[in-house]
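Here TrEMBL flags G88, Q89, T90, G91, T92, G93, K94, T95 as ATP binding site. As annotated by TrEMBL, domain 'Kinesin motor' applies to 3-288.
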Amino acid sequence: METVSVFARVRPLSAREAREGEGRAVYAQAAHGAVSVASAYGGDGDRAFRFERVFDEDASQGDVFAACCAPLVACALEGTNASILTYGQTGTGKTHTMLGHDVWRLAAECARAAADRTSDGERGLIPRAMACLFGALKRSRARACVKVSYVEIHNERVVDLLRPPDGDGEPAALDIRDDAERGMIALGAEEVEVGAEDQVLDVLWFGAENRAMCATDLNERSSRSHTIFAVAIERLDRDGRLLRSKLNLVDLAGSEKWRSYELKAFSAARCVQINHWFGTSRPNFEIL
């Protein structure tokens, strides 16, 4: 059975927004599972958009993980493929929700120590999911193998973040294939066997150092690409049956209303391309 659930998370005002006295564009009605748009931003004050669940500004990373991701980890352990995707405009907190810290900026600054100091409460969905997965496998004492891959879709090319760029500085593009056993795969993508959360953080850091990035007016170090952190799980159940599944954790590029911002010509073209991808992405989501 295929099930799709949609959740919404509203971030608090940033320090700059609060300092400059900017108002709120949206309001979370967590008790009613709804989000309303302020009239100053095109809303009518009464219209609300409803979701499976809404997380307001006070929701913790743990709250989001428990509701959105923990059930998917449990499904993956039982042999069912599962995916979670973060979607929204640049600066809305997608990468914070997924990773917990701005690993892209820290990697650019060669500040690994700062990344390692991320508080437990700020850990994102990926480290929490992997800790949950390893904890469940340890408790079950099941024989298992967990491998992770990290790919990026940038400028309509799929590249491997776990493979250093070639001599010309450009990573080689990967081909997509439909595998009879594993489904859609990025052919030739590096898979790293992991057994602990620390090893996963090493993989994330290595991928961050290779990731293509550019600047926008919304977020100077915002990424213009989608990333897919894929977790392949193989384990034996109590009856000795081999269970195979994949858990995809996807951080989508920012979906911009580019006419509203002073973007460079290249960035504006990328915004159009990204938004077109979202508009035609249902088959991609079904594959995931």
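Glycine too: its Cβ is placed from the backbone N, Cα and C atoms.
Unlike curated entries, TrEMBL annotations are predicted automatically.
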Which residues of the same chain, at least 6 positions away in sequence, have a Cβ lying under 8 Å from the Cβ of T92 (ATP binding site)? R11, G254
So among the binding-site residues G88, G91, who's got the most Cβ atoms within 10 Å? G91
With the cut-off set at 10 Å between Cβ atoms, which of these binding-site residues ends up with the most neighbours? Options: T90, T95. T95
